[in-house]
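As given in Swiss-Prot:
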type	residues	note
DOMAIN	51-360	domain 'AB hydrolase-1'
ACT_SITE	S157	active site, nucleophile
BINDING	R227, D357	substrate binding site
ACT_SITE	D323	active site
SITE	R325	site 'Important for acyl-CoA specificity'
ACT_SITE	H356	active site
Amino acid sequence: MSTVFPVDSVGLVVPQTARFDEPLALACGRSLASYELVYETYGTLNASASNAVLICHALSGHHHAAGYHAATDRKPGWWDSCIGPGKPIDTNRFFVVSLNNLGGCNGSTGPSSVNPATGKPYGADFPVLTVEDWVHSQVRLGERLGIQQWAAVVGGSLGGMQALQWTISYPERVRHCVDIASAPKLSAQNIAFNEVARQAILTDPEFHGGSFQDQGVIPKRGLMLARMVGHITYLSDDSMGEKFGRELKSDKLNYDFHSVEFQVESYLRYQGEEFSGRFDANTYLLMTKALDYFDPAAAQGGDLAATLAHVTADYCIMSFTTDWRFSPARSREIVDALMAARKNVCYLEIDSPYGHDAFLIPTPRYMQGFSNYMNRIAI
């Protein structure tokens, strides 16, 4: 590996594409006749295929979880702090697979892909997806790679929901579930945040009912506002106060409604601008709906313990003290249900000032707890 990369990096990685021509039936009643999933792998699959770990991404995530696509990249993959030699998901031990989910906008088939039936981008005609749909598609990817059972399925936030769903839908295919900063279903407040974000996009004049690509435009304003709202919920009050306080961009107030006066305003606008230039509006709508619809215990009348009665995986559940988007109380709901179902579970509640985004930040106790659990997994 080139010396330009840190010694604990997986180094240069090349995305790969898997095409599936067998129709995929979806929860909404529709199906996809064919689709593609973009993914990356890190480490080496052992002879018995017993060391495979699946990484499931959150709302705005993608397949590029670790390493670099070029020596000139300024930043590595989004979870590089946790994936690599000697890191919690140690690529000296594990073969790691990270994908861009169906409906995404980073290469996998999604709303911005060409609909073979029309020759135009799917746009708003792309079917609504659920977490369970994603898991079904991920099963096929695993089989394509020769993996019948995952040593672990790992994810944070929406990724944690996928990890939990894996153990319910395919209990025989998962030995360990690492579910971080997640919840067994969304609260009314979380659904409300998602609806505000969707309305920002849907009411943008440039959205054109989801057919904005046909018009050669992007609903930039709506995406920007959606990201600004979402980003506030990913941070804690303390971390925002420490980072920005009431600091001004200049040394005076302008007494108008158009200037960017506070540092926190500047930060949110930057985050919104950056996001609106790289993310697809229809994908954002799909991802938030998948979050809203996630409720694996619904079929059991809301009884999560009964839903988990048949699972066989061991679980590691982690939460962060200042995460108010998916608070520790939501993780403890999962832990309590697993204990009621007499399943093996360990729980780590980590003191962190970083809010929901803490699952992306390599604080010492988080890294130690994560490593300790992963190192216990027999391969």
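Including glycine, each Cβ sits where the backbone N, Cα and C put it.
Here the features listed in Swiss-Prot are painted onto the structure.
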residue	record	DSSP class
S157	active site, nucleophile	coil
R227	substrate binding site	helix
D323	active site	coil
H356	active site	helix
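Mean per-residue pLDDT, taken over the domain 'AB hydrolase-1' (51-360), amounts to 97. Its Cβ taken as reference, H356 (active site) is surrounded by 24 other Cβ atoms within 10 Å in the chains shown. Inclusion criterion for the recorded positions R227, D323, H356, D357: a C-alpha placed within 10 angstroms of the C-alpha of S157 (active site, nucleophile); this criterion is met by H356, D357. Put plainly, the recorded positions D323, D357 were compared by Cβ crowding within 10 Å, and the winner is D323. Other C-beta atoms found within 10 angstroms of the C-beta of R325 (site 'Important for acyl-CoA specificity') number 22, with every protein chain shown included. A simple way to gauge crowding: the CB of R227 (substrate binding site) has 23 other CB atoms within 10 angstroms, across all the protein chains here. The CA atom of H356 (active site) is located 4 Å away from the CA atom of D323 (active site). Distance from the CA of D357 (substrate binding site) to the CA of R325 (site 'Important for acyl-CoA specificity') is 10 Å.
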